[in-house]
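Listed in TrEMBL:
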ACT_SITE  299  active site
BINDING   110, 126, 147, 230, 231, 232, 233, 304, 319  ATP binding site
BINDING   147, 319  Mn(2+) binding site
DOMAIN    194-403  domain 'FAM20 C-terminal'
């Protein structure tokens, strides 16, 4: 296994700083019992009368559902640890747990659903909109592209292979539109959009600002639909998140260019602007840039951090559905922060060099990681080959910086 060998490599065993109480997102007593709100939300509260009877010798923590252990494990330095024993169980829960509620997520440009499980865990479901081998048409603007369910799955595994671990766990899942969405939804607006197509398939389209109409309906075969299931982060009431506008955000205009596209010295003013004027925030943003370039994702207008940790923490890499849209062409402008700032973390650079070598080739380890997903093959082969080509271009860009 190339993947197992990669994670055993010394570059993947660099210790993280010691996690103190103030570095944890939640401070809990592992002996204390918790009960979950029966409202269906993912909030949880301390309770003197726990709903679960504990087996002899076990702590209350042992009885927590996996999603809750995931939330409790988040700290200043990582969303989940490298050798996280919870990860296989959490991915399995996302793929197999019974769905007891399906409602549309408010906001956003395309249809997404919030799925709830019997243990009060929740997941964000992005449905399949196009096949694996469909490329984004060359005349499509990045902001009018489809969101792809398989891109969300592949992004999670790629992020982990790069040792960023800043994307919540994602699994593919085959959902029954009739039993797991239509028949159990309490969302009246969503319920009104179901219909049977002329081909006899169950379809729905929901309500959103793009692609929510009968012309863009999501249809099953006859009622089986692929999608990605992403573990939700803790409720924002429990763990506030700060949304940051990316300095290299695109103009989202058909003809207007952003300032960074016109000013070759743009990075100098970014370096003088908080929060990029100190700490590792700029380097973390360049990590995200490299992830996006490898995926071909041009749609990174914002990113988030947990408010509790201030500026000294990692960036959350959320919403990756517009990655992996093209394999036949690369988008060099995504690398602008790296090229203009000529900065990169040494650890990131060393791992990229490692992933360019035959024993740990990026396409091979990602292919192996994705093979375990319920919807495998997740990516068409040309997308995997494109990763190796793009990785080479990142290393060339760093080489130019070193030469300068």
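The backbone N, Cα and C atoms fix where each Cβ goes, glycine too.
Sequence features, as recorded in TrEMBL, placed on the structure.
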{"residue": "110", "record": "ATP binding site", "contacts (Cβ under 8 Å, 6+ apart)": "129, 146, 147, 208, 210, 211, 212, 321"}
{"residue": "231", "record": "ATP binding site", "contacts (Cβ under 8 Å, 6+ apart)": "67, 70, 90, 94, 121, 123, 168, 169, 170"}
{"residue": "233", "record": "ATP binding site", "contacts (Cβ under 8 Å, 6+ apart)": "71, 168, 239, 241, 316"}
{"residue": "319", "record": "ATP binding site", "contacts (Cβ under 8 Å, 6+ apart)": "147, 299"}
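Counting other C-beta atoms within 10 Å of each candidate's C-beta, the recorded positions 147, 299 are led by 147.
Binding of ATP is attributed in the record to 110, 126, 147, 230, 231, 232, 233, 304, 319, and the widest Cα separation among these residues amounts to 20 Å. Per-residue pLDDT, averaged across the domain 'FAM20 C-terminal' (194-403), gives 95.
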